[in-house]
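Engineer: Mind looking over this structure? Questions follow.
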Amino acid sequence: NVSSPTTFFLLGFSKAYKAQVTLCLGFLLIYLVTLLGNLLIMTLICLDSHLHSPMYYFLGHLSFLDICYSSVTLPKILKDTFSSQKTISFVGCITQIYFFLCFGGSECVLLTAMAYDRYLAICHPLHYTTLMNKKICFCLVVVSWMSGSFSSLIQAFIIANLPFCGSNVIDHLFCEVPFLLKASCSPNTHFDKLVSYALAGTIAMGSFILILVSYIHIIRAVLLRRAGRQKAFATCTSHLTVVSLFFGAGAITYLMPHSSLSKDVHEVLALLYAVVTPMMNPVIYSLRNSEVKGAIRKAL
């Protein structure tokens with residue numbers, strides 16, 4: 001009976017009709033806000049010459065990543081909300097895992113590049129234009145995409161080769177590595193889980209540590225300099241808020257023991273980092289960044 005199923009059944013939210021309508025409208029609203037907000041940021045960066053700097057170059061790529069990140073899961077969740085049979089093909093499930101991990105990992109590394117950019121701007125302002133030129137910016141973006149792609153490719157390959165012994169039910173809203181490992185009957189499940197978590201953890205923890213080191217240097221430089229403290233911290237506030245939201249939601253989800261959390265809590269946490277975070281990023285940058293607010297006023 002050891003084989004790979006051709007179709008997986010996803011166990012979603014409540015089957016009550018009113019609950020489905022409410023959830024569908026909520027998800028649709030979140031998706032529209034995510035698309036419009038991130039497209040607005042990308043459009044402003046392209047059109048406004050005042051935003052043609054490394055910080056906003058990275059922000060434009062972050063907005064594009066957020067659109068891709070939410071589009072991996074939300075359209076399928078919307079479709080399944082009213083579907084009597086919430087199914088996904090085996091190939092579709094592996095593809096969803098690959099792109100979800102790819103965009104998530106790339107966003108981790110890109111947020112690290114944005115922290116490095118702020119470090120150079122505040123700690124080495126006289127050499128900033130030399131150290132953070134267009135070539136360096138492009139290379140950092142390429143590294144972020146390649147890091148996410150390489151890690152997700154290995155994890156997707158591991159999941160694609162797992163035996164499932166006829167079990168094709170995933171107790172989750174979408175395909176995610178921990179839940180497929182749980183459904184697998186592989187004798188090497190613990191090893192596969194260790195490899196998968198090690199790959200994801202290397203990117204996530206490595207990125208978080210580098211961001212932390214960057215901000216330690218930034219705070220130290222600002223405290224020593226004293227002058228221009230408020231302006232220096234203002235350029236970092238939006239990025240710090242996004243980092244806290246993204247890494248905080250992911251840490252709660254993956255570091256908390258799965259056995260100690262209910263199914264509903266798992267689903268809420270999954271929606272937090274997979275759906276809500278991409279929607280909040282453009283809101284945070286537009287509300288807390290004076291240059292973005294100025295560009296919006298100018299465009300209007």
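The backbone N, Cα and C atoms fix where each Cβ goes, and this holds for glycine too.
According to TrEMBL, the protein carries these features:
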{"type": "TRANSMEM", "residues": "20-44", "note": "transmembrane segment"}
{"type": "DOMAIN", "residues": "37-285", "note": "domain 'G-protein coupled receptors family 1 profile'"}
{"type": "TRANSMEM", "residues": "56-77", "note": "transmembrane segment"}
{"type": "TRANSMEM", "residues": "97-116", "note": "transmembrane segment"}
{"type": "TRANSMEM", "residues": "136-160", "note": "transmembrane segment"}
{"type": "TRANSMEM", "residues": "197-220", "note": "transmembrane segment"}
{"type": "TRANSMEM", "residues": "232-256", "note": "transmembrane segment"}
{"type": "TRANSMEM", "residues": "268-287", "note": "transmembrane segment"}
Engineer: Looking at 20-44, 56-77, 97-116, 136-160, which one has the highest count of Cβ pairs under 8 angstroms to the transmembrane segment (197-220)?
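Structural biologist: Per the Cβ count, the answer is 97-116.
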Engineer: Which residues of the same chain, at least 6 past either end of the transmembrane segment (56-77), have a Cβ under 8 Å from a Cβ in it?
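Structural biologist: Cβ under 8 Å, 6 or more out: 12, 27, 30-31, 34-35, 38-39, 41-42, 45-46, 88, 96, 99-100, 103-104, 106-107, 110-111, 113-114, 117, 137, 140-141, 144, 173-174, 242, 274-275, 277-279, 281-282, 285, 291.
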